[in-house]
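Worksheet: one structure, shown below.
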Amino acid sequence: MFQKHLGRRSRGVLLSILLSVVLVAGGWTAFETFVQPGGNRGGLRPSQQVKSSHGGSSSLPDGEDSQSLRFVGTSLGALALGAFGCLGLRARERLVRQSRGGYDSGEELRLPEGCIIGDLSEGCVEYWATPCAEMTVGVLKETALQSGTKEIEKRVSATPASVKMLQAEGFRVVVQAGAGVNAEFSDDDFREAGAEVLPDAKAVMHQATIIFKVRPPSEKEVGAMRKDTILFSMVYPAQNEKLVEKLKEKNITCFAMDQMPRTLSRAQAYDVLSSMANIAGYRAVVEASHHFGRFCAGQFTAAGKVDPAKVLVIGAGVAGLAAIQQAKNMGCVVRAFDVRPTTREQVVAAGGEFLEVNINEDGSGTGGYAKEMSKEFIDAEMELFRQQCAECDIVITTALIPGKPAPKLLKKEHIDGMKAGSVVVDLAAETGGNVETTRPGEIYEYNKVTHVGLSLYEHMPSRMPAQASFLFANNMAKFLCSMGPKNFFFIDYDDVPTRGSLICRQGTVTWPWTPPAPAPTPAPKEEEVAEQEPVAQISPEEESFNSTASAAAWVSFVVVALLLAGTAGSTMTTMLTTLALALIGGAQVVYGVVPALHSPLMSVTNAISGLTVVGGVLMMGGGLMPETLSQWLAALAALVSMVNVGGGFVMTRRMIDMFKRDTDVSQFPELYALPALLFVGLYGAGSYFGIMDLAQESQMVYLVASMMCIGAISGLSSQQTAQFGNAMGLSGVLGALAGTLGLAYAQGASSAVLTQIAVVLAAGTGLGIGVASQVEITSLPQLVAAFHSLVGLAASLTAVGSALQHSSTDAMHATSEYLASGIGALTVTGSMVAFAKLQGLVGGNAKLPGGNVLSGSLAAAVAAGLYAFLQPPIPGFELQTLLAGTAAAAGLGLVVTSQVGGADMPVAITLLNSASGWALAAEGFVLSNNLLLGR
């Protein structure tokens with residue numbers, strides 16, 4: 001244990017002490033020898049009387065004993081001074097490092113030789129970062145009163161769950177007594193989570209290195225904090241300049257959570273504003289329905305028809321979208337308006353009708369907020385609001401501009417035109433409100449219209465304290481844990497979330513901060529713009545004719561293509577029939593999936609795509625180990641496919657479990673193991689006893705497996721049947737594996753090869769389950785993207801292995817091999833880029849220069865490679881052509897996906913999921929396997 005902790009710093013201290021002893025000894029010897037040889041040293045008498053232990057005295061001669069005594073005394077003194085000096089220097093470095101919070105561009109760091117910033121090796125990392133075990137996180141009880149209502153803030157900045165997260169990183173956590181009582185977290189809950197509960201705020205601030213708060217601290221709280229404290233809290237520096245000055249004077253390093261860059265994909269996990277806005281939008285509809293005197297949903301009763309309430313939401317940000325979704329769920333007719341046209345799709349997806357004005361002007365601003373609009377646009381906007389206010393029963397406004405008063409969107413005349421009993425919820429009340437008649441922090445009635453002036457970030461979240469605290473605390477803990485490598489803390493100025501939220505540091509105000517501008521793109525060459533001829537207007541009849549003609553042309557093309565494909569023989573006809581029916585069935589069941597289950601749907605379809613293992617298993621050979629290159633490729637394809645299968649179904653189950661509540665009745669999913677056991681068991685037993693033929697019965701097994709996989713997609717159409725869907729997918733894949741093993745045995749696979757197959761399948765499954773079980777739930781979407789790449793890799797490996805085994809194939813198989821390898825490679829690189837962007841490894845807006853030209857060139861290269869593969873200009877170079885086309889397809893996936901922004905990456909992942917399915921279908925044509933086509 002001692003050697004483990006004896007790092008470079010400890011060895012340096014010991015070396016300094018040893019050098020001090022040597023220097024003092026040498027200096028003293030030289031002084032004795034050359035300066036005062038035989039003289040009276042230091043004014044002492046020739047003999048020194050020392051009282052003996054027997055009460056007498058003994059005389060020490062002026063010789064070696066006297067010199068040795070003085071030498072030892074002086075050496076011990078120097079030794080003590082050296083040790084205390086080195087320890088003091090070490091303590092000072094630790095204090096400097098703690099106040100610095102980690103590395104800061106390398107200034108004032110005394111790094112040992114061979115150690116650089118970012119080096120995580122033992123004996124180096126502690127020079128530029130602080131061990132989390134040396135830091136204490138203090139959680140204060142909120143004391144701020146809400147404006148207007150004078151209610152006390154009920155949220156808390158840490159929960160038992162976030163305390164465990166912090167402790168796993170190494171932090172010690174202390175909590176003020178009663179901090180979570182208003183949010184339904186008792187002191188005992190915090191103690192059980194491992195935190196220490198202290199009696200008052202003074203005790204917490206005395207021990208804490210880092211302070212967590214929800215609301216901005218008061219001047220009194222700042223005064224009670226220790227110097228060099230690190231504060232994480234909402235601050236609103238533009239509105240609280242005096243507070244920022246106080247923090248500066250107290251030498252406090254402060255991270256304002258409200259200044260977190262909101263457009264960075266990685267920062268979404270730390271974005272408390274989005275978390276609180278989501279709650280505020282939901283709560284706004286709840287508050288409105290409470291004050292609204294009628295039903296929200298329409299009803300037909302014996303007493304008469306009740307129309308649904310009409311809701312207008314102004315502003316389609318996070319809060320607005322949450323309000324739209326909740327109002328739609330309550331049965332209201334929802335309309336929404338936003339000056340940013342890009343929000344149209346989000347509004348429609350949430351269930352609202354997107355309203356527009358007849359002026360083409362984009363209101364998208366920086367940081368995800370809207371910008372100020374022109375006078376013409378505002379006039380048209382006001383007229384639209386006048387019409388809508390007269391029709392709607394509930395109006396919810398959410399428009400905010402950072403650091404500025406909220407824009408006035410509804411004037412007094414708009415409110416005067418509303419029906420009696422209507423409700424207005426102004427979530428922008430904290431900065432003046434969007435409604436001219438709003439009273440911030442108050443609920444009152446004007447002209448028989450109830451005004452709810454409860455603000456977005458102050459009042460609404462505090463009215464759902466348990467939920468708000470859970471999200472807020474998770475954001476805070478994840479942000480703190482992200483600041484440094486595992487078990488260490490440091491402040492990295494190159495990290496955008498860290499630098500963007502840092503407003504003050506050790507007596508220096510670092511806010512406002514302007515992110516570094518991206519590299520300027522070269523100005524396009526000026527070209528002469530030819531005069532455009534006026535485009536003739538198309539009549540409705542012509543537009544209808546063109547639409548019908550286009551549809552008829554596509555149908556004709558499909559008919560001709562299928563008839564021509566039929567000339568290839570009955571095998572091709574059978575496989576195309578299977579593929580067509582699978583496409584139609586899959587499209588129908590996918591249309592029924594609710595939006596909330598899209599992520600589990602992608603996860604389970606990705607797991608089913610792991611049936612690429614079938615191709616790998618059927619091509620495996622040799623003995624206990626593969627013997628040829630094609631057999632090694634097949635084994636590797638089977639391994640990565642099973643990683644995808646094992647991890648995919650675990651991810652799906654974890655995603656589905658997110659929707660479960662403690663009060664939900666169990667669905668007893670373990671009972672779904674019965675059909676799976678019957679499926680596999682009957683097939684195995686029938687084959688063992690000779691009741692069925694392995695090769696022939698495997699085709700029926702494949703049919704049952706395909707039906708189960710389609711049932712899996714259908715089951716994920718609702719939360720009630722999601723467990724059924726996951727179980728059917730898993731049963732289908734297990735049955736397909738059983739049928740494939742039976743087919744391999746029927747084709748002559750030896751016991752050694754079967755053992756090899758079993759080891760590969762077990763290893764891949766175990767690895768996939770292990771990875772998917774350990775990843776945090778918030779990282780599952782990017783893990784799905786990473787697993788997509790495994791399906792593509794397996795398809796490419798199988799195609800190349802097939803080409804190695806069968807050099808001379810017909811045109812159908814050759815085309816299938818090329819497409820399987822190319823689409824698989826495209827899926828690999830595209831999925832890895834998507835993973836890197838979602839994980840924050842590269843910027844969400846990172847793009848390759850000249851991407852459009854490059855992608856077009858690569859697509860042309862892929863097409864040319866297919867022609868060359870089918871009609872090789874040089875015989876014997878088919879494999880090289882296949883590999884070159886695969887490389888071009890991989891480059892195409894890299895370039896195309898890199899052009900997609902971080903916000904649109906989920907759409908890209910969906911398309912990549914589709915590409916993996918097409919790669920699997922191409923592999924089915926290569927192997928003439930109906931199971932892969934029917935997937």
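From the backbone N, Cα and C atoms, a Cβ is placed for every residue, glycine too.
TrEMBL entries are annotated by machine, without manual review.
Here TrEMBL flags 12-31 (among others) as transmembrane segment.
TrEMBL lists 40-66 with the feature region 'Disordered'.
Look at TrEMBL and you will find 46-60 tagged as compositional bias 'Polar residues'.
What TrEMBL lists as transmembrane segment is 69-89 (among others).
Look at TrEMBL and you will find 138-280 tagged as domain 'Alanine dehydrogenase/pyridine nucleotide transhydrogenase N-terminal'.
Long-range neighbours of the transmembrane segment (551-569) within the same chain, counting only residues 6 or more positions beyond its ends whose Cβ lies under 8 Å from a Cβ of the stretch, are 576, 812. Under the heading transmembrane segment, TrEMBL lists 551-569 (among others).
Look at TrEMBL and you will find 575-594 (among others) tagged as transmembrane segment.
Under the heading transmembrane segment, TrEMBL lists 631-650 (among others). Taking Cβ pairs closer than 8 Å, the transmembrane segment (631-650) reaches residues 603-604, 606-613, 615-622, 726, 729-730, 733, 756-757, 760-761, 763-769, 771-773, 783-784, 787, 790-791, 793-795, 797-798, 800-801, 804 in its own chain, all 6 or more past its ends.
Look at TrEMBL and you will find 671-692 (among others) tagged as transmembrane segment.
Marked as transmembrane segment by TrEMBL: 698-716 (among others).
The feature transmembrane segment is assigned by TrEMBL to 752-771 (among others).
TrEMBL lists 783-806 (among others) with the feature transmembrane segment.
Under the heading transmembrane segment, TrEMBL lists 818-838 (among others). Counting only same-chain residues 6+ beyond the ends of the transmembrane segment (818-838), those with a CB under 8 A from a CB of the stretch are 265, 781-783, 785-789, 791-800, 803, 844, 846, 862, 865-866, 869-870, 882, 885-894, 896-898, 900, 902, 905, 908-909, 912, 915-916, 918-919, 922-923, 925-926.
Taken from TrEMBL, the feature transmembrane segment covers 850-870 (among others). Sequence-distant neighbours of the transmembrane segment (850-870) (same chain, 6+ residues past either end, Cβ-Cβ under 8 Å): 811, 814-815, 818-819, 822, 878, 881-882, 884-885, 888-889, 891-892, 895-896, 898-899.
Per TrEMBL, transmembrane segment is recorded for 882-900 (among others).
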Counts of helix, strand and coil residues, the domain 'Alanine dehydrogenase/pyridine nucleotide transhydrogenase N-terminal' (138-280), according to DSSP: 59 helix, 23 strand, 61 coil
For the transmembrane segment (752-771), sequence-distant contacts whose Cβ falls under 8 Å of one of its Cβ atoms, 6 or more beyond its ends: 613, 617, 620-626, 635, 638-648, 650, 737, 741, 744-745, 783, 787
Overall pLDDT of the domain 'Alanine dehydrogenase/pyridine nucleotide transhydrogenase N-terminal' (138-280), taken as the mean: 93
